[in-house]
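Chemist: Below is a structure I'd like to ask you about.
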Amino acid sequence: MVRYPKGQVPRSSIHTNPVNRSINYGSRGMSLEERINESNRFYLQRNIAVIHKKPTPIQVVKVDYPKRSAARISEAYYRQASTTDYNGIYQGFYIDFEAKETKNKRSFPLSNLKDHQVNHMKACFEQGGLVFLMICFTNQQEVFLLPYQALANWLDHSPKASISYDYIKEHAYPCKQGVFPQIDYLLAVDQYLVDQPPKP
């Protein structure tokens, strides 16, 4: 794994492409996934990062052929439980994150996050990966990156069935929203890296 002296990220690793920092109201009809995918294409085209959505493994059982030139899957099953939504590489760091959106204004329901996903995040974090939960509060049009450490701390010490908005505001990194990219979450990752204590 690539590490930096004194835990600092060199200037060249913090992308400085000009982006529109205002909220892009034209993207309100797009899902969080679509906006992340657009952002990932932006990062890839500019050699900033290589991050993709993981395919969901399915077992096709039945296919209908209404026409010779068209096929439609009519029955399929998940082969196994999915892990997290996205993974890739950024400035020598492995990145892995789950993306969720909620209409709740004051909390994020933990029922949206499955045990096997948390276990996968823990395993990636223990191997030195940068692991996050991306949360979009749709009513407020706010997007946050909650580091795995903060997520684990809440899960270990709070009996509540949801993570409070105030806790997320305090422990997560806000993601800039604009046009190119729509969600500039790597700026939040940059800040997270800068905030990490130096490695011994």
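The backbone N, Cα and C atoms fix where each Cβ goes, glycine too.
For reference, TrEMBL lists these features for the protein:
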BINDING   T83, D85, E98, Q117  Mg(2+) binding site
SITE      K100  site 'Transition state stabilizer'
Chemist: Whole-number answer please: how many Å between the C-alpha atoms of K100 (site 'Transition state stabilizer') and D85 (Mg(2+) binding site)?
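Modeler: So the alpha carbons of K100 (site 'Transition state stabilizer') and D85 (Mg(2+) binding site) sit roughly 9 Å from each other.
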Chemist: Give me the count of other Cβ atoms within 10 A of the Cβ belonging to T83 (Mg(2+) binding site).
Modeler: 18
Chemist: Under 8 Å Cβ to Cβ from E98 (Mg(2+) binding site), same chain, six or more residues apart: give me those in sequence order, or none if nothing qualifies.
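Modeler: The list for E98 (Mg(2+) binding site) reads T84, D85, Y86, L113, Q117, M121, F132, L133, M134, given in order along the sequence.
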